[in-house]
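Database features, via Swiss-Prot:
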TRANSIT   1-53  transit peptide
MOD_RES   S43  phosphoserine
DOMAIN    59-269  domain 'YjeF N-terminal'
BINDING   N113, N114, G115, G116, D117, G183, F184, S185, F186, K187, G188, D189, D212  (6S)-NADPHX binding site
BINDING   N114, D179, S215  K(+) binding site
MOD_RES   K138  N6-succinyllysine
Amino acid sequence: MSGLRTLLGLGLLVAGSRLPRVISQQSVCRARPIWWGTQRRGSETMAGAAVKYLSQEEAQAVDQELFNEYQFSVDQLMELAGLSCATAIAKAYPPTSMSKSPPTVLVICGPGNNGGDGLVCARHLKLFGYQPTIYYPKRPNKPLFTGLVTQCQKMDIPFLGEMPPEPMMVDELYELVVDAIFGFSFKGDVREPFHSILSVLSGLTVPIASIDIPSGWDVEKGNPSGIQPDLLISLTAPKKSATHFTGRYHYLGGRFVPPALEKKYQLNLPSYPDTECVYRLQ
């Protein structure tokens, strides 16, 4: 009951029976060119080469080169990644297709850089016309993350004190959940409070959008018994676990890879159309 009172205090609990979450899935993407591939692992670039799916070791090596060789900063890449995530969400679930106005979104952030991507994503979702709420149970005491929290607070984005304990409560309150808990560098067992959070997410009927890796999945092998997102936003390049993704929408985001780095790792990234920062792989 304390969790319910917290939610009521935020003015987020909506009376009445459960509403349908998505009334239509309107396509906002450009018409697919004739060379567009439909197979998950066989997504083709214009040159005909398959986009490379990275192992955990390869993903870490690419990240380190971006930071060390190319002198990108963490906050710079985080901003670009978070914007890509919000853009992909707006394409898959445009506000006009949702039953609430503005559409309600719960963004669950973990303690690492994936959580930082989620904070940036929430800020851009607010600018795109959504009503995000953030649950951020383990906050790092670092200037980068405290700054991101302040930015969200200044934009009147609420932070939950407790995670709704039952899937039905989340289904009633929100039309979409963004999973920004763990990224590709996560290893080991999932500990509390995130084990309980993932248990709640596994029982949802509203769609889940996972950033880079569905939380709780092995970076290369996936997890058939874990959460099953409807949208996956791969960042920089897809990871091998994405071959096990069975949802409706798979976007590639993070249009910041230097051509020389792409060539070195044979990423075969697609040609993003015009000024787009995301590319639909599936």
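Heads up, the Cβ atoms here are built off N, Cα and C, so glycines get one too.
Mapped onto this structure are the features recorded in Swiss-Prot.
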| residue | record | DSSP (3 states) |
| --- | --- | --- |
| N113 | (6S)-NADPHX binding site | helix |
| K138 | N6-succinyllysine | coil |
| D179 | K(+) binding site | strand |
| F184 | (6S)-NADPHX binding site | coil |
| D212 | (6S)-NADPHX binding site | coil |
Sparsest Cβ surroundings (other CB atoms within 10 Å) among the binding-site residues F184, F186: F186
Using Cα positions only, nearest of the recorded positions to S215 (K(+) binding site) (D117, K138, F186, G188): F186
For (6S)-NADPHX, whose listed binding residues are N113, N114, G115, G116, D117, G183, F184, S185, F186, K187, G188, D189, D212, the greatest C-alpha pairwise distance in Å: 22
Additional residues around K(+), ordered along the sequence, whose Cβ is within 8 Å of the centroid of N114, D179, S215: I108, G110, G115, G118, A180, I181, F182, G183, S210, I211, D212, I213, P214
Candidate with the highest Cβ count within 10 Å, taken from the binding-site residues D117, D179, D212: D117
Rounded Cα-Cα span from the residue listed as 'N6-succinyllysine' to N113 ((6S)-NADPHX binding site), Å: 12
Residue with minimal Cβ packing [other Cβ atoms within 10 Å] among the binding-site residues G115, G188: G188
Sparsest-packed of the listed binding-site residues (N113, N114, S215) - C-beta count within 10 angstroms: N113
C-alpha spacing of K138 (N6-succinyllysine) relative to D179 (K(+) binding site), in angstrom: 14
